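Participant: Taken from TrEMBL, the feature transmembrane segment applies to 40-62, 74-93, 113-134, 155-178, 210-229, 250-273, 288-307. Feature annotation from TrEMBL assigns domain 'G-protein coupled receptors family 1 profile' to 55-305.
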Amino acid sequence: MGLTQDFFPPTSDLLEGGNQTSTFEFLLSGLSDQPQQQHILFLLFLWMYVVTVAGNLLIVLAIGTDTHLHTPMYFFLASLSCADIFFTSTTVPKALVNIQTQSRSISYAGCLAQLYFFLTFGDMDIFLLATMAYDRYMAICHPLHYMMIMSLHRCALLVTACWTLTSLVAMTHTFLIFRLSFCSKIIPDFFCDLGPLMKVSCSDTQVSELVLLFLGGAVILIPFMLILVSYIRIVSAILRAPSAQGRRKAFSTCGSHLVVVALFFGTVIRAYLCPSSSSSNSVDEDTAAAVMYTVVTPLLNPFIYSLRNKDMKAAVVRLLKGRVSFSQGQGLLLRNPR
């Protein structure tokens with residue numbers, strides 16, 4: 001199927017046709033059109049996807065099977081790894097299928113489903129990174145009250161709240177896109193996202209754009225500001241610590257999280273909060289930013305957290321060697337990781 005500017009019937013007309021909506025498709029045009037690059041792109045994306053899933057799954061298994069890592073910090077890290085697996089699985093497998101089959105199509109229902117899960121797991125990453133910053137703040141700035149505040153119940157409640165909020169935000173954005181009509185099949189990206197879908201709509205997208213600006217901006221900027229405030233207080237507390245070894249350990253613990261925050265928020269803010277034009281260079285930059293936060297960051301997270309953390313590295317080695325220690329009748333959050 002070629003990339004043509006065929007008229008895409010309005011959503012309202014499609015719904016009047018009952019099950020006709022399943023016959024209409026979008027065309028994803030975000031990746032290279034050069035035939036000679038398709039094989040390279042397929043191998044590259046396949047390698048990144050396999051390493052991402054394997055690496056994050058290894059993190060989850062290492063944390064779950066090693067009692068030394070049954071602390072709030074690693075509980076949130078395991079949750080982040082799970083979210084990263086789902087996040088990258090929302091977009092990359094479909095891109096791989098399209099590259100392999102030489103087809104860029106995605107059904108209307110499949111596009112909306114991909115949009116919903118992409119927003120859910122993407123926002124979950126944002127909320128979890130903020131939660132992890134709060135956990136580090138409590139561990140370093142309020143160590144005496146840490147175990148009481150960051151109990152198993154509180155940690156589970158925080159993660160549940162993150163999932164609930166992200167689902168509601170994703171549902172709101174997806175419903176607004178569902179109400180739009182579309183004049184073009186061609187989506188200028190390799191997956192269904194808010195900005196590209198609004199660009200090909202022939203409806204008035206002012207409401208959707210305002211919701212994206214304010215709700216989407218709040219979802220990105222509020223956690224980002226909370227992370228900044230947390231780390232300002234953390235750095236202040238670390239600098240007042242009398243022990244040089246304690247300062248090094250605290251900086252090392254927080255360093256991995258800061259690297260992930262910089263990678264993820266840098267590309268997300270570029271993609272969603274910085275205006276872009278319709279020029280080919282801008283589309284290429286948007287696609288590159290999308291690849292960074294949907295594929296590259298989830299790929300790098302396991303390496304960043306495992307290579308910069310001695311406890312995590314040791315747990316992964318023990319898991320690979322089959323020397324794991326399962327907890328027997330113990331709760332998940334037992335130790336103060338400071």
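Each position is counted from 1, following the chain as shown.
Here the Cβ of each residue, glycine as well, is placed from N, Cα and C on the backbone.
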Participant: Give the nonlocal contacts of the transmembrane segment (155-178) in its own chain as ranges (CB under 8 Å, at least six residues past its ends).
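Facilitator: 11, 72, 75-76, 79, 112, 115-117, 119-121, 123-124, 127-128, 131, 194, 197-198, 207-208, 211-212, 215-216, 219, 332-333.
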Participant: Taking residues 6+ outside the transmembrane segment (113-134), which of them lie with a CB under 8 Å of any CB in it?
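Facilitator: Same-chain contacts beyond the ends: 73, 76-77, 79-80, 83-84, 86-87, 90-91, 94, 106, 158-159, 162-163, 165-167, 169-171, 173-174, 177, 191-194, 197, 219-220, 223-224, 226-227, 230-231, 257, 260-261, 264-265, 268, 293-294.
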